[in-house]
Amino acid sequence: MTNTRKNHPLIKIINHSFIDLPAPSNISAWWNFGSLLGVCLALQIITGLFLAMHYTADTTTAFSSVTHICRDVNYGWLIRYAHANGASMFFIFLYFHIGRGIYYGSYTFMETWNIGVILLFMVMATAFMGYVLPWGQMSFWGATVITNLLSAIPYIGPTLVEWIWGGFSVDKATLTRFFAFHFILPFIITAMVMIHLLFLHESGSNNPSGLNSDSDKIPFHPYYTIKDILGLLLMILTLLMLILFSPDLLGDPDNYTPANPLNTPPHIKPEWYFLFAYAILRSIPNKLGGVLALVLSILILMLFPALHTAKQRSMTFRPMSQCLLWILVANLIILTWIGGQPVEYPFITIGQLASISYFCIILILMPMTSLMENHLLKW
């Protein structure tokens, strides 16, 4: 008798990816975030699809259509807040997932890591364009400020900005194209996720020890399916608490005011998950310099494999590197806080110091600490 699960052309792929997949026996809860990100992506696509059924991408009716969704559509408020807060959960898990990769040296899987960084850029672009769609004050001014950064590019900058805007300011053309891109990008992200997994399954998962685990593998199902379900339940619980008790906790009150090109909000700032990068952008007085620092603050992730000087892969047995990584985490929290503060003393200075230390820790201190640990271990 043939086993359909193992022989059917389509089911066989699922079987090799989620059922009979050999997984290390010691991977911790930090390895749960990959599956949670997959669930978040599915949730965002489903809620987004239902929102798109009622939303109109037109400057005169966009804000009203979102209000209509919340007031008149059956459970529209739930769909809208699940989508908005689902994005926040997505980024929390993304940052945990990346942090796990840095801590345990998962970046040595070069292809998987680089595709992951590209995925991060794509998710950030999608989230930014999604924030513009409700056409509130922060949507409009956020779009104006961030797209205007491209004008810092020498020679082609101003033309490029007008090309993206589809006119001489952020208007109907901008909103329509942002909606089109916001709709299509998650599907491209889904395809990229499949490539991300394809490369991961070429090498197999890393594990907390950073050692080769070929001699001690267990099947993914039932061990890690049940573990992922536990993570999923905790995620749903957290998300539901956020949606049902304080749906606007992470949002901006300014976005409940319809977009007005004649009235600038006192503090223009992006969603909380971009604040660290926004703080780095603002900490440099020069426009082009700020834009470069902004891009490099994310692009620097691609340098991690090249900056890995340690003889051990994981930080599990490297306390000095661990300490430095947690300092980096604290630094990012400081940057996130600064990004939400007005541009005045002492926040400017704190932001500049935090930005410098962010790049110094990654580019100088971490590789040097790894070399020192090698020396201390006489490796």
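Placed from the backbone N, Cα and C atoms, the Cβ positions cover glycine too.
Taken verbatim from Swiss-Prot:
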type: BINDING; residues: H83, H182; note: heme b b562 binding site
type: BINDING; residues: H97, H196; note: heme b b566 binding site
type: BINDING; residues: H201; note: ubiquinone binding site
type: TRANSMEM; residues: 33-53; note: transmembrane segment
type: TRANSMEM; residues: 77-98; note: transmembrane segment
type: TRANSMEM; residues: 113-133; note: transmembrane segment
type: TRANSMEM; residues: 178-198; note: transmembrane segment
type: TRANSMEM; residues: 226-246; note: transmembrane segment
type: TRANSMEM; residues: 288-308; note: transmembrane segment
type: TRANSMEM; residues: 320-340; note: transmembrane segment
type: TRANSMEM; residues: 347-367; note: transmembrane segment
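Recorded features from Swiss-Prot, shown on the structure.
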residue : record                   : contacts (Cβ under 8 Å, 6+ apart)
H83     : heme b b562 binding site : Q44, T47, G48, L51
H97     : heme b b566 binding site : F33, G34, L37, G116
H182    : heme b b562 binding site : G48, T126, M129, G130, L133
H196    : heme b b566 binding site : T112, I115, G116, L119
H201    : ubiquinone binding site  : H16, S17, L21
Stretch of maximal Cβ-Cβ contact with the transmembrane segment (226-246) [cut-off: under 8 Å; candidates 33-53, 77-98, 347-367]: 77-98
Cβ-Cβ under 8 Å with the transmembrane segment (33-53): same-chain residues at least 6 beyond its ends: 69, 79-80, 82-83, 86-87, 89-90, 93-94, 96-97, 100, 182-183, 186-187, 189-190, 193, 228, 231-232, 235
Among the ranges 77-98, 320-340, 347-367, the one whose Cβ pairs under 8 Å to the transmembrane segment (113-133) are most numerous: 77-98
Residues of the parent chain within Cβ reach of the transmembrane segment (320-340), under 8 Å, 6 or more residues beyond its termini: 99, 102-103, 269-270, 272, 274-280, 282, 310, 347, 350-351, 354-355, 357-358, 361-362, 365-366, 369-370, 372-373
Secondary-structure category, per DSSP, in which H201 (ubiquinone binding site) falls: helix
